[in-house]
């Protein structure tokens, strides 16, 4: 019988398979339906967790930058007065710029969080193997693609909120390149550690922690 071949093959002729196809079990069908439903039916969904994480860390970095700037200015202005550190701290907290904080928070939630999440998924999809060549390529792409995009978007977002889009070209000429070069010095070693040492499940948390220091510098640069 084996000479006839499998699935009814006879002398090179392949007959149709008349066996009844297997039906998927109800539990598998239900789980697949729930998966499609949770991802919005088409497999795409808004990365809420990453957006909230980026927003909270952007707010943290901006808050640290604001407190640091006002603490130094206030301390210099009262160096010869009799105000105590408690008076200085209360003055620093009471003059917090909440609109500036909202600008950075919405940037993290709407733009940086979802955008960086999609970018890292794209990199892992294109370069899935943890080889030295792939790691270095990811770090390089991070700096020459993601870095300039982030700086361009955050500068435009800040000037849009301030109603100063006409001043955006001057802002790019004055601060974009120094910010980008500073970002190279900061993000190259951070990205190298992220892709090389940190496991995939913890990469978002690791990069988000590094973003606190980056958001501190970025918020200080945008407020000039």
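Here the Cβ of each residue, glycine as well, is placed from N, Cα and C on the backbone.
Predicted automatically and left uncurated, TrEMBL annotations should be read as such.
The region 'Disordered' annotation in TrEMBL covers 1-44.
Feature annotation from TrEMBL assigns transmembrane segment to 139-160 (among others). Packing against the transmembrane segment (139-160) from elsewhere in the chain are residues 103, 106-107, 111-112, 115-116, 119, 123, 167-168, 171-172, 175-176, 179-180, 183-184, 187-188, 191-192, 195, 218, 222: each is 6 or more residues past its ends and has a CB under 8 Å from a CB in it.
Beyond the ends of the transmembrane segment (180-198), by six or more residues, the same chain brings 130, 135, 138-139, 142-143, 147-148, 150-151, 206-207, 210, 213-214, 217 to within a C-beta distance below 8 angstroms of the stretch. The annotation transmembrane segment is assigned in TrEMBL to 180-198 (among others).
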